[in-house]
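To start, the structure itself, in structure tokens.
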Amino acid sequence: MKLNLKKGYIMSRTRLISALVGIIILLVGAAIYVYNDRPAENFEQVSTSALIGGDFALTDHNGKAVTQDDYKGVKKLVFFGFTNCPAVCPTELYNIATTLDELGAENAKKIQVLFISIDPEQDTPEMMKEYVEAFHDDFIGLTGTVEQVAKAAKAFRVYYAKIPEEDSEIGYTMDHSAYSYLMDENNQYLTHLPPNSEIEDMVVKIREFL
């Protein structure tokens, strides 16, 4: 008799545990479904747009002091780099210039490319002017003091660091992130272009916002 009672108790407890496990699985599954069913694009847009972009005070390649407000009313494609960059910057600027050509003259007029130096110790306005105009006549190069550049880079969440390099003529190179940021007419973030993007992909992505 005691054996049957014990056996019945064990079976009842097993059924109870199984039922509880089943309920937990259903609840977890429902939670995952609700989480995944959220509009991810809207979430990304809200979180990213709040992080990228902001105030800056720099000097353009003609020696004029400028801020972000000097470029209101036109979309901007912002890229950070330096004139002694061996490969990444020339490649990205060439791709941006080619993308503008592919978009056509009328669309290209709607976008101002801003190339912001992360090496203000070397990149004078004169050097920036010569450098950017080698890629496109309408590109604008921006530089400034070390503090001004740091503030601009922080606003766009750009990483950069000076790296000692014995083979370099100036004794160092710059390590940096290489994203391009498309900003709207009011200096608000629209989207970004990863480094090494295919030109046709860049054209398609930018055209969405024209």
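Cβ atoms are placed via backbone N, Cα and C, with glycine included.
Cu cation is bound by Cys85, Cys89 in TrEMBL, and the record lists one more residue there from His176, His192, which is His176. Here the domain 'Thioredoxin' (47-210) has a mean pLDDT of 96 out of 100. Remark: of the binding-site residues Cys85, Cys89, the most isolated position is Cys85 (fewest other Cβ atoms within 10 Å of its Cβ).
Counting only same-chain residues at least 6 apart in sequence, those with a Cβ under 8 Å from the Cβ of His176 (Cu cation binding site) are Phe80, Gly81, Phe82, Val88, Ile118, Val158, Tyr159, Tyr160, Ala161.
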